Amino acid sequence: MHKVTKEHINKLADYFWEIPKSFREDMRVPAQILASEKILDDIIEDRSLNQLVNVATLPGIRKAALVMPDVHEGYGFPIGGVAATMHPDGAISPGGIGYDINCGVRLLTSQLTKDDIKDQLEALSKELYAQVPSGMGKGGQIRLSSEQIDEVLRTGAEWCVEHGYASQEELKYIESHGKLKWADPSCVSQMAKNRGLDQLGTIGSGNHFVEVASVDEIYDREAANAFGLCENQVVVMVHTGSRGLGHQVATDHIRVMVSAMRNYDIRLPDRELACVPFNSEEGKNYFKAMCSAANFAWCNRQIISWEIRNAWNTVFGENGGQLDLMYDVAHNIAKVEKHVIDGKEEKVIVHRKGATRSFGSGFDELPDEYIPIGQPVIIPGSMGTCSYVLAGTIKSYDLTFGSCCHGAGRRLSRRAAKKQVNAPVLKEQLRERGIYIEAGSFRGIAEEAPIAYKDVNSVVETVNCSGVAKKVAKIKPLVVVKG
DNA sequence: ATGTGC
């Protein structure tokens, strides 16, 4: 199979490119790329665009297989990919969602400014590290019974309201209100449940983190006001997912699908794209399990917020004010949504893997004050660089099935990063720039070094200029806690 | 991403 090169790519518009269906005879739809010229030059080097072409062969795929500017290689599908398949008989593919089901980001807003907390950054970093368990395989303080894990899987963030970890009010500041109703714990294996029993309220490792940051620049005053953001304000960002439970759900169902595929006469260029029809027995079981794992992840991020609030109160006491949930987005998930294709509304299964939903104004799932603006889109940069808050747009429905990028996107493998980076030196350099890192291992710091990632500014510039989301605010890190 | 690798 031939590699994608620049000659195969047509320019459709500024920041928008296409590999036509004619590139390979097994493509069912074209492959489209959201990128600046420079980002396109970078990503053409690796296999991510070949993976994108593979995605374009999925049974029932509609309109186009897409990647966002933070694209990089992933399991089967590229990370930063979007694929919408026909409902109900098109494919559902766990590889199009990712092993970390409902990996996502939330942002909490405080009533403090960066000046208010400048002398307590070290204390805050230590307290957050103490209160929020992190690291591979790490458990937390909460031990669920087998009845309780089923409740968590069924009800997601709602479980937190009943158990004092959330207010009823804040649930509407979570994508899908923190619960997918198709969840069915009977489709989640005992092993997956066991792995989740003590993992609520833990961030894990890799690129997961808790970050305290301050608002550095506002681009859209009206949207910033609606989201509750202002200059120099301190905010807290959380990036994590469904931990070992979600990973086990993916593992279990990929195994089932790989062997079930032959019954549906599905042939694919890469076995990592394993999929079955959404309305098949295996497809329905996976979707119900995926929804359960997504609910677990929302519950997890909510309990982490409770831990952060406890740390906040310990460090700042009565001067700390409150931490309000601005929004919580998923970026590894599949959703059944309606989109207009060829002028007609269709129900599709939108796979977003390392891609954030970016629905525009008028979307009535949002809290009232966000409806005129569009949904918040939270884009973390790499460790020690800036991050962005954007707002979704109507235009994203036309271009990307209402989707946007999810981060800076890796440019170096973990291996390559470890070779190039001296973690203790990097930690010291960040400290000199006023950023306090608290991490369980130097390895994690090396793998997540800024050099291992694309420049988040140009990734965000791409989504902003192409119109799939609009910039609202930039935030700069003060404290980072990771595994 | 992940009780880290067919």
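Glycine residues also receive a Cβ, built from the backbone N, Cα and C atoms like all the rest.
For A:HIS406 (active site, GMP-histidine intermediate), other Cβ atoms within 10 Å of its Cβ number 28. Feature annotation from TrEMBL assigns active site, GMP-histidine intermediate to A:HIS406.
The Mn(2+) 1 binding site annotation in TrEMBL covers A:ASP100, A:HIS208. Annotation for A:ASP100 (Mn(2+) 1 binding site): same-chain Cβ neighbours under 8 Å, separated by at least 6 residues, are A:GLY241, A:SER242, A:ARG243, A:GLY246, A:HIS247, A:ASN332. Under the three-state DSSP scheme, A:ASP100 (Mn(2+) 1 binding site) falls in the coil class.
In the shown protein chains, 24 other C-beta atoms lie within 10 A of the C-beta of A:HIS208 (Mn(2+) 1 binding site). The secondary structure of A:HIS208 (Mn(2+) 1 binding site), as reduced to three states from DSSP, is coil rather than helix or strand. If you look up TrEMBL, you'll see A:207-211, A:331-332, A:380-383, A:SER387, A:406-409, A:LYS482 marked as GMP binding site.
The Mn(2+) 2 binding site annotation in TrEMBL covers A:HIS239, A:HIS331. Its Cβ placed at the centre, A:HIS239 (Mn(2+) 2 binding site) has 25 other Cβ atoms within 10 Å.
Only A:HIS331, of the binding-site residues A:HIS239, A:HIS331, A:SER382, have a C-alpha within 10 angstroms of the C-alpha of A:HIS406 (active site, GMP-histidine intermediate). Annotation: A:ASN332 carries the greatest number of neighbouring Cβ atoms among the binding-site residues A:ASN207, A:ASN332, A:SER382 [cut-off 10 Å, Cβ to Cβ]. For the pair A:ASN207 (GMP binding site) and A:HIS239 (Mn(2+) 2 binding site), the C-alpha distance works out to 8 angstrom.
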